[in-house]
């Protein structure tokens, strides 16, 4: 991946720590209420003492009926609450009962978002304690529908909206955000939301959802997270005609106008928040995603979840699957449907890991990996017409027009879908994979569920229960001939929260491919024998905070090894240090 980016940068590496295009400034860390220990008495007031009524409407500090008698006296809450005093556990039980009564996933999403706007700590308590049930609600697949209808369900603004109207004033806009100590920014321009296409300004649901997971799964404190949407217009005609659309009503800006706004944003972020703030690019279209990652990889702490996060989580699944399908990584042949940012990112990381294990040059390990795009198999005869990020995958072969033909010609052991097109792994394709392999690895990664290349039921049925299956969206367990199969979910939420935490706790100033490799290896090691018996190649999400701490420790260790960590001295036990830095949603006591 870095080798591709280096080519685009003219040979410059992220480890060169180039000062090009950097700006001065940055703020010192500000330690506020979130950094206090759970047993420490804290007062939530930062600038001035608010009245009790304002406290009840402050989601960061509101506890609802959990305010004690003493707190009600101290903070002018008498009469503003019913007399009952309840525990956070009882509040959690009540909220889960209410959420489970909704039959429509979008209603559950809206209930969770309303809770986040009312009582932040209770929101995260619910999400952490019920992660497997609520993850599909606050993130994929439900967040896709939420983005499509964002204008209609819009209640209170979350995050920062930076549009073309703010050009020349982006730094001032950043200063409007109330929190000064920002550690993680997730930014989108809404052009390629999941597999749903251009949703413009309504793509804000993605940064909001991702940062909720940064806190719940990775322990990054919520006050250190900033969701941002860059609004340069939309080419979605339905949205432009929708009276409830909340973004700019114009077609997308491109070229220099687009590049100038993004550059102003990147410069303003470093000037306002310093060198160590992580900027995660999310759901940018291919033509911008690679360019931005290459351009700012040497000057900022940047990470593209669609290219790098997806690659890391899929590599982890592939490494774990070797226990079930046998052999080493280099023994297998991979065929991808989809050659965009996800497909090429995954392919490059698999090739890198293969090269690392075998000491074979990257150019050689790439030959074990084949990609199919909308025009067929990517081969050398097409090289002149290919986009730059596809060119490394053009190998010597006769042209093949479709996926079935490619499966028959290449004879892969693993079939990976990142096409964004649903039901493209047909019965004939799965049956062909099964005839070629005792245990074919089938990964249908496209989101949301409607765009998945095949369902778990189809993969298990058409392979006669022999497939090792994982998907991007969640599928229920499936029984086939008396055996229950539990499909794995190659969800980026396994990687990016822990990865980001590792960057934060080490004070890293650049992201390098070796960090992605160690994150994948750390995740693969978390799969237990009990998981393998069920056919799982990912661990259950119930252990996600422990998994994230392990990933963070490995990423931090690699940052220190590469010389890009700035938090010194290095902690002796990075796992314990990561756990100690993780945000807890348990209520604090106020004086």
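Cβ coordinates come from backbone N, Cα and C, glycine included.
The active site, proton donor annotation in TrEMBL covers 139. The active site, proton acceptor annotation in TrEMBL covers 210. Taken from TrEMBL, the feature (S)-malate binding site covers 192, 447, 491. For 282, 283, 306, the entry in TrEMBL reads divalent metal cation binding site. Taken from TrEMBL, the feature domain 'Malic enzyme N-terminal' applies to 116-297. Residues or ranges marked as domain 'Malic enzyme NAD-binding' by TrEMBL: 307-560.
Here the features listed in TrEMBL are painted onto the structure.
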residue : record                             : CB count, 10 Å
139     : active site, proton donor          : 24
192     : (S)-malate binding site            : 24
210     : active site, proton acceptor       : 27
282     : divalent metal cation binding site : 27
283     : divalent metal cation binding site : 26
306     : divalent metal cation binding site : 24
447     : (S)-malate binding site            : 25
491     : (S)-malate binding site            : 26
Within 10 Å of residue 139 (active site, proton donor), Cα to Cα, which of the recorded positions 192, 210, 306, 447 are there? 210
For residue 192 ((S)-malate binding site), the closest of the recorded positions by C-alpha position, picking from 210, 282, 283, is 283
Would you give the longest CA-CA distance, in whole angstrom, between residues of 192, 447, 491, the set recorded as binding (S)-malate? 18
Tell me the Cα distance separating residue 282 (divalent metal cation binding site) from the residue listed as 'active site, proton acceptor', rounded to the nearest angstrom. 9
Can you grab the distance from residue 283 (divalent metal cation binding site) over to residue 447 ((S)-malate binding site)? Cα atoms, rounded to a whole Å. 12
If I take the alpha carbons of residue 282 (divalent metal cation binding site) and residue 447 ((S)-malate binding site), what is the distance between them in whole Å? 14
Roughly how many angstrom lie between the C-alpha atoms of residue 447 ((S)-malate binding site) and residue 306 (divalent metal cation binding site)? 11
Cα distance (Å, whole number) from residue 491 ((S)-malate binding site) to residue 306 (divalent metal cation binding site): 11
Which residues, same chain and not among 282, 283, 306, have a CB within 8 angstroms of the centroid of the CB atoms at the recorded divalent metal cation site? 188, 192, 193, 206, 281, 284, 289, 304, 305
